[in-house]
């Protein structure tokens, strides 16, 4: 697996590594070395030669030093991360965290280390996935384990390589320590992948085989992937990929390796992560879903099949449909070019090469000669070079107007008018229809790149005829609620050249607010404020909401909506509820009322987590959360994980929200500066709903209504057991669990149950050891934010809870409450045997131990 050639017999070396405090790249200083270690010499990647002191051509080896952090420091593994490196979610599926390069390109021959850890026994090393073996000679070994964060460094997060093409680090032993050597240049954004040197493993034997197998098995094998594991036919080990299995058989079962390669050829194994194959399938489904959108027929390529019939395929399409490969007769083509990594098939070999280059290898062979920016496809390079040409024209003639087309509805600009039209059609459809109506779009643009609207009630309306015919005479105004698309679905070739253009029905869209509807009737009942020419809302008194419900004071724009309202007067509806005598004008409203109020029935069930809902809208909102999680997992597994490093300390995060919370908690003086820097980004989302009492803003009206100040004093949900009132129904349900003893949230590891889900989340941190709340002054970590706040009060000396009687201050309200009992004289803890009462619980416990035990 290693790129290094076989080494000559190891020689005695007198080397010690010392890092420089000012420069990340240091050299090796010669000192006396312990000759009891069975070390390997250094290796020069440039001249492919081994050396002991220094290379005759390139000098001594270079090292990247760790950031200084004393042993025993909490989270030392993160604090030792060198400058330019960050830790984030690994691009290998289910591999956990990984190390990424965010600085300059790491050159060949750069060394990292040594690997820090705690020396453990052989039995513990065989059960750990973070152990390395140190060979001391004469079959004597020591084991370094990085399980504890207080004794390890950042090298514990480097994941194992799945193939030789992925490997960019080589692990070897030098001076009784494990070092990593860069065997391939590591560009910015790439992840560190390590594999051991062959000469290092030769003298370790079966013990190293078991330890390394534990590393490979722990990386990527979960219960969900148990069916995809590759078991070894000669022992009980199982591996997540065939590459790991081949390395294991070659190392542990060398006599059976020749027979094994015949039955399990490595060439057919796709070392692509499983989620990457799923991503390809999702891309195929998305390509199929785009068939309902209009696309152009020119420019096209005519691909002749064996039958001599033409197959049309759009030239600019990045990936044709993998699941639908058609000939002119509707049959599947005989010549299929299949991808060995994900199984997708293509009509032409060039499309297969482009797919492998853009999806799997991430190769970008097309580079700009001016700015050195690279692209995976030639079309992207052409579009990019067009920007340079426009810049040169503007420099040569400053008075010449720039060919930049800004969008009037947002801040984006485009170098081509057709790109602006496509942007308007997708994101500002109302403005796009206005341009079509005013004639700003040319006939060529309408024909090739747009959707056009027809009104079948218009006497001048003519359906699309055979061939390619301009449709500009058939355009209708903005008020047209129905649209038909001129074009053919993507990837579906016509049966012959004279085939009629397909007519695709699109959902009606309101031209004022750009909201889409399922049918025309819903669009007609929809009412929204009209806009003037500048885009501002113009209220018309005659169109205001004039129909008001007498019970709930809710206003409606027309009488039909008011009649369909649930709060209509008794006797006005045709459908009566048998439980509460409420009348409804529609049967569906009555059924929904019975289901949500009386029967508590939840017929809408999620197929993923089996959670049930009373209404279909709740199920749809819930399913969106699963889709977001799935797309996030697929994108994080297929592409390099997004890393958000903190600019004020060495911590890094995989989500920008976590980074902002970290800055707000540990760098409060920088939080406002960070927010101003993020203007227009994710964190500066518009929040139009503001609370006048606490000045807190919300992005949605639902979040504003659920705010505590909104319902302050309004407690409408009473507990039937103790009479306590609540403002929210969910709060009442959680409170009733105290009376019923129900604990629905159970820990899967120890079986302990909890009333609230938040209690379970905090409890799970006791199993994982996670302490995400870090004190910025002493470095101590805590599982809960409340523990951190109480701890920070020790540093600040602030005691916010003050007794109004004597003025004594306390850091916790519980301590103040117990102190106030001394002034009142209340003794809440009586003894059940003698009747004596006490003000403190520990006083009662001490009384039991002395008097009654």
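Even glycines carry a Cβ here, placed using N, Cα and C.
Swiss-Prot lists 127, 128, 129, 130, 131, 132, 133, 196 with the feature substrate binding site. According to Swiss-Prot, the feature Zn(2+) 1 binding site maps to 235, an assignment based on similarity to another entry. Summarising the annotation, Swiss-Prot assigns Zn(2+) 3 binding site to 747, 750, 763, 767 and lists similarity to another entry as the type of evidence. The feature Zn(2+) 4 binding site is assigned by Swiss-Prot to 775, 778, 791, 795, with similarity to another entry given as support. The annotation Zn(2+) 5 binding site is assigned in Swiss-Prot to 803, 806, 819, 823. Positions annotated as region 'Disordered' by Swiss-Prot: 291-322, 447-496. Sequence annotations record features per position, and here Swiss-Prot assigns region 'DNA-binding' to 755-845. According to Swiss-Prot, the zinc finger annotation covers 230-253, 337-360, 366-388, 405-428, 547-569, 575-598, 604-626, 644-666, 689-711, 745-767, 773-795, 801-823 (among others).
Per DSSP, the secondary structure of the region 'DNA-binding' (755-845) breaks down as 41 helix, 12 strand, 38 coil. Note: the Cα of residue 133 (substrate binding site) and the Cα of residue 763 (Zn(2+) 3 binding site) are spaced 35 Å from each other. Those same-chain residues not listed among 747, 750, 763, 767 yet with C-beta within 8 angstroms of the centroid of the Zn(2+) 3 site C-beta atoms are 748, 749, 752, 760, 764, 766. Between the candidate binding-site residues, 129, 133, 778, the densest Cβ environment within 10 Å is the one around 133. Same-chain residues lying 6 or more positions outside the zinc finger (801-823) and placing a CB less than 8 Å from one of its CB atoms are 790, 793-794, 839-840. Per-residue confidence over the zinc finger (773-795) averages 83 (mean pLDDT, predicted model). When the binding-site residues 128, 131, 196, 795, 806 are ranked by how far their Cα is from the Cα of residue 763 (Zn(2+) 3 binding site), 128 comes first. For the zinc finger (604-626), the list of distant contacts is 592, 595-596: same-chain residues at least six beyond its ends, Cβ to Cβ under 8 Å. For residue 127 (substrate binding site), the nearest of the binding-site residues 747, 775, 791, 806 in terms of C-alpha separation is 747. Cα spacing between the residue listed as 'Zn(2+) 1 binding site' and residue 129 (substrate binding site): 19 Å, rounded to the nearest whole number. Counted with DSSP, the zinc finger (405-428) comes out as 11 helix, 4 strand, 9 coil. Recorded residues residue 819 (Zn(2+) 5 binding site) and residue 795 (Zn(2+) 4 binding site) have their alpha carbons 23 Å apart, per Cα-Cα distance. Within 8 A of the CB centroid of the Zn(2+) 5 site residues 803, 806, 819, 823, the other residues of that chain are 804, 805, 807, 808, 816, 820, 822. When Cβ atoms from all protein chains are considered, those within 10 Å of the residue listed as 'Zn(2+) 1 binding site' total 13, not counting its own.
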